[in-house]
Amino acid sequence: MRRPKKYEAGEATQYISRRAALRKLQLSLNDFRRLCILKGVYPREPKHRRRAQKGSSEIKVLYHTKDIRFLLHESIVWTLRDYKIFAKKSNRDRAIKDFRNLKRRLALFPEIKLDHIVKERYPTFIDALKDLDDCLTLLFLFSTFPSLHLIPREQSNLCRRLTIEFLHYVIASKSLRKVFISIKGYYFQAEIKGQKVTWIVPHYYPFKPQSRQEVDFKVMSIFVEFYTIMLGFTNFRLFHGLNLAYPPQFPSSVLQDSEESLKDEASFVSDRIAALNFELLRTDKVQEDEEELDIDMELLEQDGDSKRIIKMKQEAQEVSRLRTLFKGLKFFINREVPREPLVILIRSFGGKVSWDSSVFAGSAYDESDETITHQIVDRPSLATQYISRDYVQPQWLFDCVNQRQLLPTNKYFLGEKLPPHLSPFVDSKRDTYIPPEEKALLDPSLIETHAQSDDDSEDEAEKEEEETVDQELLDAQLQLAYQQETAEYKKYGGPDGVNEDEEDPEEDDEEDDDDDEEEEEEVDEKTKRLQQEKQKMSVQSGKVHKVNKRQVHKAEVDEHRLQARMVKPRHRNLFRKLIREKQTKEKEEWLLRKKRRTIEAGEKEARKTAKREARKEAAAAAAKASKLGK
Amino acid sequence: MTALEPATKKKRISKKNKSAWRKTDIQDVEQFLEDQRQEERIGTFTDKQDEELFVLDASPQKTTKSTVLSVKQKRKLNAKKPMRSHQALVNTSRVQDPIAKRNHVRQKKNGRNIELEVCNPTKPRHRQANSDRAQYYEKLEQRLADKRNKKVAIDKDIWQEVDFRDAIPGLKDEKGWISRDLALHTAGNIGKKVVKTHASLHHKTTKAKKFELPHPGMSYNPAPEDHQALISEVVEREEGIIKKEQHLKRVTTSMFSKVTPEERDRRRLEEMSQGIEDEEGAEKSTENAEEDADKPYHTINAPVENKKKSKQARRKELKQKELSRQTELKRKLKQQTADLIRIKSIRHELDDEEEDLNDLKKRRKQRAEKAKFEPKRLGRHKFEEPDLDVNLPEDLAGNLRNVKTESSLLKDRFHTLQRNNMLPTTKLVSRKKAKVKRFERSSHKEPGVSYQDLKDRRRAAAAAAKAAADIKI
């Protein structure tokens, strides 16, 4: 038997250096870089570098040998080699001025086809959606670029087209969930097929050149090349899922034969598409129906209601309310406000929007329209104002979407100092301790209890302030309640349905049982009973339902035990871990709350003693004064 | 000629020899022959038509402006003219070909005359070829136009479930007779190989979040607490950097004592002149050398002697060894008995050791767990976390119109790709061109005008103009 040599097996054979890979693939470094990015093959870090590098300990760029072998089968490797040949031949043609041949060659330029790579890298559509964050951010960024060295103009134009198409989908599907204005740009989060897709749109400022020292433009351009194809196919699928025609088109009713539209139809249409202000052409006749969610919720109700299901239900309800947040409202965007993000917001939640026709094509109505309910303004004052509409700053829209309700506009009026713009990505319902101040910012109704706690011994002036605050909060609450009511009314078709569904699902079950029994009985008896019941019917004062806390606690404990028993043996450790985590979290929260309570109590005590002393002193002084007076 | 003879009486010269003949004036004869030949070549005036000889001047009388042709037009006109090099080849003679019938030898052309076939197709296959060619060029034009319009063909749903067998006609079987393995094998052999992606391609290499969500303090109008939290984070990081820098400075630069330049020079001189002894020393050394020459050679170490041990010594040594072994054994036994009393403390020691080991294990595990979230070392350069983006309190405008943006999104994306192990960290290496030292050649008294000079002059002029403009402003 041959004696095994060093580095013939093990880690040394698992890795291959970049140089060796180049030699194996017969490609230049630039081509190799491109191929790797397109195929999603990235360098690896070995566990033991010296072993992987056959004894050398300098840090080299290493790849998995398996990956490189996989690249060897790729068909675009041949295309990359063809590029080299193409360059040689076309350069020859150019040199000998054989332009006829050159033209023929240019037409036969070997294009790289990437569809199979997209499919390969993202075997399912959901995989592609999961990786959409990076893709969208890059494309939105590149869509703002002028033609630069290494970044051709066609690429940025294509980026612009694809991102606009994606925005059309977001608007049509009403899948936007969260928005945030940061100093980096606008963050958007949409929920597409259950996946949360987040992307950043840069601020609308003139292009700032980026130094080549920090960013490799070539590499970024290659990434964008792949991502454009990927987003193209994703858009195709998304559009078809909504029964929209892809590439987006308008129904013929939108396109009137005006002089402008006849002159250059293509640019006219592309302008209107970029305006994001019109419904797109559908491939089916029927309008979309929003019953889908309700059916899901009904199915869930059979499962009884654990905490999770209640949470899910609430979430679904909130989302359904959010989808019609701006329905019936009519907005006008002033020229100083960035148009695109606002149009996305307003249109994806059912509002109507327009802008000055000189700002961008596709405005629907003028500023002088009296039916406008809100005008978005971002300047300290405005010369001509209409009484019929609210002049609000753009943050109002963003905050409304994040809170999922229409906020009172008074804090966002023209020239008003804005309340802080909170991040929606910090979960307001997280399990950890949330200080009451933050809670109050998120849900104004909670501030009341905080205010009530120390109303016994405070000054009158403070009280007055609180009252004003209370008044505002009350207004907000009323509005909130009204919205909820309307939303529920729409959803269930009647006020009676709301109570049944919301408060006690158990009652539902009982009623069902009753129904079953009734069915067994004969029809005559049924009518008789109904009559009897009718006679008995009267309005009685309701009783407050008392909750037996002990029983509830017992039920909870029982449920928990049952849950623990239901856990499969192999998941037991995980279950225990989860429970332990939850307990520690609860404990931490409790500790923090306790700490706050003690601090507050201490402060209160200190204030009381100070006041008492002050009173004593005053009394003493008064006594002294009286003595002196005497 | 005969008529002229009496007027110019010619002197008769003997024509005896050749040289005499040479003196004869034959110009008139030559002239006559020349005229005749020319007449033959280009014809006589009587032969020509009037139109050939005269041109009717139809242009208007005044010809004030001579049209100045541009260079391009001239070039075009010239291009129409026959080439001057070909002018010599043009047959302008009117002389008839003396050989009435030439025997033309026509070589038989091998192959087809494509041009002829294109111009006047005679056979059906010529017509077919012509139509095919037209189609090809039409297609080419279409492709070029598509390329100009940058059409991206996205016209299918790639995520639809498609069996590779459907694309290959022979492999599509409804009856289920062809197994999948066989189909795979066949596909590979007819050049439509189905390449399977290996699972490790889709493995995640980092546990860190792919897309980082923004810190709430990064809002354009943040809540004061959030903003403070972000700023404190930034400060903490900056402090860390400063600390590291200070540490490096402490352990490198400030570790060495400082000296004045004079002292440094002196020390250098001293160091460099080590071994070169001053003259006195040198003299001494020469004297020493002379003395050494007289004395016999001595090494510093004593010479090695091969001493044989005696048998007795060996025996004694062995005995000693055995004795020491015995004592060692005894000592160990004694230790063991003593340890019986120490069992409790030994157990403690062992426990401590085990605890230390466990601690080490735990720490290693923690470090490994933490490393899973950190970017891997893919290239020569280490990934350095970029600075956090933060608006300083004075930059917060509070409204959307005056937002001050921080950092570029492109840079941010680039760093994210590096953090996600998709790109090795690189640094731009700018290859500077070697500076070329230019000087005038001594043979060239007057410097010529090179492109470089022109460029320099242009630059200087532009700078001067700019300076003048600045002054005006």
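Placement of Cβ uses the backbone N, Cα and C atoms for every residue, glycine included.
Among the features that TrEMBL reports, domain 'BRCT' is placed at A:321-414. The feature region 'Disordered' is assigned by TrEMBL to A:438-470, A:488-569, A:599-630. The feature compositional bias 'Acidic residues' is assigned by TrEMBL to A:454-470, A:498-524. Sequence annotations record features per position, and here TrEMBL assigns compositional bias 'Basic and acidic residues' to A:525-536, A:553-562, A:599-618. According to TrEMBL, the feature compositional bias 'Basic residues' maps to A:543-552. According to TrEMBL, the compositional bias 'Low complexity' annotation covers A:619-630.
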List the helix, strand and coil residue totals of the compositional bias 'Basic and acidic residues' (A:599-618) as derived from DSSP.
20 helix, 0 strand, 0 coil
For the domain 'BRCT' (A:321-414), give the DSSP counts of helix residues, strand residues and coil residues.
26 helix, 15 strand, 53 coil
Can you tell me how the residues of the compositional bias 'Basic residues' (A:543-552) break down into helix, strand and coil by DSSP?
4 helix, 0 strand, 6 coil
Is it possible to list how many residues within the compositional bias 'Basic and acidic residues' (A:553-562) are helical, extended or coil according to DSSP?
10 helix, 0 strand, 0 coil
